[in-house]
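Copied over from Swiss-Prot:
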ACT_SITE  Glu103  active site, proton acceptor
BINDING   Thr28, Gly29, Ser30, Thr31, Asp81, Gly82, Ala83, Asp84, Lys94, Gly95, Gly96, Gly97, Lys121  substrate binding site
Amino acid sequence: MSPDEMKKLAAKAALEHVEPGTIVGTGTGSTVNHFIDLLGTIKGKIEGAVSSSEASTARLKALNIPVYELNAVGEIPLYIDGADESNHYLQLIKGGGGALTREKIIAAASKKFVCIADQSKLVDILGTFPLPVEVIPMARSYVARQIVKLGGEPVYREGFITDNGNQILDTHGLSIMEPAKLEGQLNNIPGVVTNGLFAIYPADVLILGSPEGVKTIYPK
C-alpha cells in the first residue's frame, strides 16, 4: 500500500468526527487535500469550513464548500490537519507546507484537533523532519543566529513566502527531547512569528493509515 493510499484511509476515518451542521477547521497539505475532497461529498450536511491557507481555501471553494473567516465564527468544534511528525504524546512537527502559523491559530481556536497521517509519521523522538520557523523578513539573520545557539542548523527556504508575507527557516539537526520547552524558547526569540512544534497544545487524536487499516491513537 502506497503512502498516498494510507493518507486516504486516514482522511476517510476523520470524516466520522464531523458533526452535522458544524463548521470544520481544515489544515493544509497532501493528507488534508484528501480530507477536503471527502468533505465535498457531505458538504450539504455541514455549515462550512475555516481554512488555514490560500491553497486549502481554493480547494474548498472549488467544491462549493462555504469558507468562513476565523474572526466571523466562535469556537470551532473540529480541526483536521496532517503532520510531518508525531510522537506518542501527539506532539507534532508541522509546517512543511509553510502554513504553520494559521494552522496553529485555528488548532488553538478549535475544541478538538484530529491529526491525520500515514504510519511513517509516528516517531519516538521529534526532529528528523526539519522544524520550520516562520520569521519576519528583517529578523531572519538574527533569528538564525539564535537558533544556532539552541543547537539547530537553520536553512532559509529560498523563494518561499508564507500567506502572511513572512519567511521560513527550516531547522535541521535537532533531537527534540522536550518539545514544549523548545516551542516556547523559539517563540520567545524576537522576530519569530511561530514555529512548527505543536507541543504545548498537542493533537487530541491521531489517525494513522497503515497497510493493516486505520489506527487511532490517543496521547500517552
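Cβ from N, Cα, C; glycine included.
Within 10 Å of the residue listed as 'active site, proton acceptor', judged by CA to CA distance, lie the following binding-site residues from the set Thr28, Ser30, Asp81, Lys94: Thr28, Asp81, Lys94.
Other C-beta atoms found within 10 angstroms of the C-beta of the residue listed as 'active site, proton acceptor' number 31, with every protein chain shown included.
Under a cutoff of 8 A between CB atoms, and with a sequence separation of 6+ in the same chain, the neighbours of Lys121 (substrate binding site) are Gly82, Ala83, Asp84, Glu85, Ser86, Leu208.
Listed in sequence order, Asp4, Lys7, Gly82 are the same-chain residues at least 6 apart in sequence whose CB falls under 8 Å from the CB of Ser30 (substrate binding site).
According to DSSP, Lys94 (substrate binding site) sits in a coil region rather than a helix or strand. Under the DSSP three-state reduction, Ala83 (substrate binding site) is assigned to coil, being neither helix nor strand.
Spatially close to Gly96 (substrate binding site) yet at least six residues away along the chain are Gly29, Asp84, Phe129, Pro132, Gly196, judged by Cβ distances under 8 angstroms. Taking the mean position of the Cβ atoms of Thr28, Gly29, Ser30, Thr31, Asp81, Gly82, Ala83, Asp84, Lys94, Gly95, Gly96, Gly97, Lys121 as the substrate site, the remaining residues of that chain whose Cβ falls within 8 Å of it are Gly27, Val32, Ala117. When other Cβ atoms within 10 Å of the Cβ of Thr28 (substrate binding site) are tallied across all protein chains shown, the result is 28.
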